[in-house]
Amino acid sequence: MASEQNQEKFRGLKSAWSFLKGFPGGIVNAVVSVAREAKKLGKDDSRRIVHSFKVGLAITIVSLFYYFDFLYDGFGVSAMWAVITVVVVFEFSVGATIGKGVNRGIATLVGGVLGVAVHCLASVTGKHAESIVLGLSVFLISTAATFIRFFPQLKARYDYGLLIFILTFCLISVSGYRDDEVIEMAHTRLSTVAIGSCATVLICIFICPVWAGEDLHNFTADNIETLGIFLEDFQGKYFETTNDKSEENEENQDSLDGYKVVLNSKGTEDSLINFAKWEPRHGKFKYRHPWDQYVKIGKSTRECAYKIDALNCYVISEMQAPVEIPRKIQEPCSTMSLECSQTLKELATVIKKMTRSSISDPHIKNAVIAAKSLKSMMQNGPWPETDLLNLIPAATVASLLIEIVSSTIKISDSVSQLASLSKFKTCNIPP
């Protein structure tokens, strides 16, 4: 018994020693892992580092209301609302920051005024009925404001403002039941929120600004270019021989998967459009820039991406047509793929440079001619004795490429509308 107990103690001490021995190494590994992740984040987008410094600067400046007596005497403890405003309002882009700042400022003003009005009305009714009037007012207004938040048009741009309105109204009206200095409370809160919002917006705009409109513009162009890159690679990889496909399948597939980021781009696109609408004129983007046109371009781009996704499934599918069948349709399919690729790349360049160009028109015409040729070939049927099951994969690929040509034309039309509405400069191409 004694020997067994000693062995158990020894094993316990050994495991404890192993834990203590490996503990410093675990901490070092964790620190190194965090450092690598931080380095990667900063390397991917250096604006994140600048943004962090900007937030720190804004908080430090607003904190001066606490450090200096002549500033603190004017607001007292309520100066903390200015610090809180900076923390919750400061966003990565200028548009997001202005949107939150305006929402918070207007909501605080309206909520404060309504809270004071309800307090004055409740005070007139007498002490016994005051609590009933206040409670009923808080219930009705909070319920109505919360329900309004579900409206899609309001939720996208004013959800934060409605939330702050409810908070401010309840704070002023309910606090007024025990504190008679309601007007001073509302004034102090509005002043500190205004100071915090102004400091945040000014620093966000004048120190290394990040414009959501510019990000949206480049994001849209990059998505279109990504589809063009896929189509350029696709025609070469699909019409390879069966042996080549099996040997280089993994390497080829990596280059064909880039389009997938476009499939889930709607959330990012909607956010950037919402933020861009708050931004003032900057760079090449004037007032009333047609931001809604990017919705149409994004929709057409995603439609094309979904067709490309279906097309890609046939590249990696185990069910492949015999080599001789794809070879019969190789010329028109390759032409459509390459011409659509050139068109999409040119459209991406048009958006990035904000210059009109007709260089993509010949590519579209060539793609349409190839599509008509392929349709005629499919209808006439150059393979009368071929098994139907062997025809299905090649016929599906051909059909999808024809649809991609139509989607490319839609994208081209949407970009042309953007160029017209935004008054892009005309690019003169030498003959």
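Cβ atoms are placed via backbone N, Cα and C, with glycine included.
The structure displayed is predicted, hence computed values, not measured ones.
Going by TrEMBL, these are the annotated features:
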TRANSMEM  49-68  transmembrane segment
TRANSMEM  74-94  transmembrane segment
TRANSMEM  106-126  transmembrane segment
TRANSMEM  132-151  transmembrane segment
TRANSMEM  158-178  transmembrane segment
TRANSMEM  190-212  transmembrane segment
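For the transmembrane segment (106-126), same-chain residues at least 6 beyond its ends with a Cβ under 8 Å from one of its own Cβ atoms are 133-134, 137, 141, 160-173, 176-177, 182-183, 186-187, 189-190, 193. Across 49-68, 74-94, 132-151, 158-178, stretch 74-94 shows the highest tally of CB pairs under 8 A with the transmembrane segment (190-212). 158-178 is the stretch from 49-68, 74-94, 158-178 with the greatest number of Cβ pairs below 8 Å to the transmembrane segment (132-151).
For the transmembrane segment (74-94), the residues of the chain that approach it from at least six positions outside its boundaries are 47-48, 51, 54-55, 58-59, 62-63, 65-66, 100-101, 104, 188-189, 191-193, 195-197, 199-200, 204-205, 209-212, 215, 275, 278-279, 282, judged by C-beta separation under 8 angstroms. Here the transmembrane segment (158-178) has Cβ contacts under 8 Å with residues 99-100, 102-104, 106-108, 110-112, 114-116, 118-119, 122, 130-131, 134, 137-138, 141-142, 145-146, 148-149, 185-186, 189 of the same chain, all six or more residues outside its ends.
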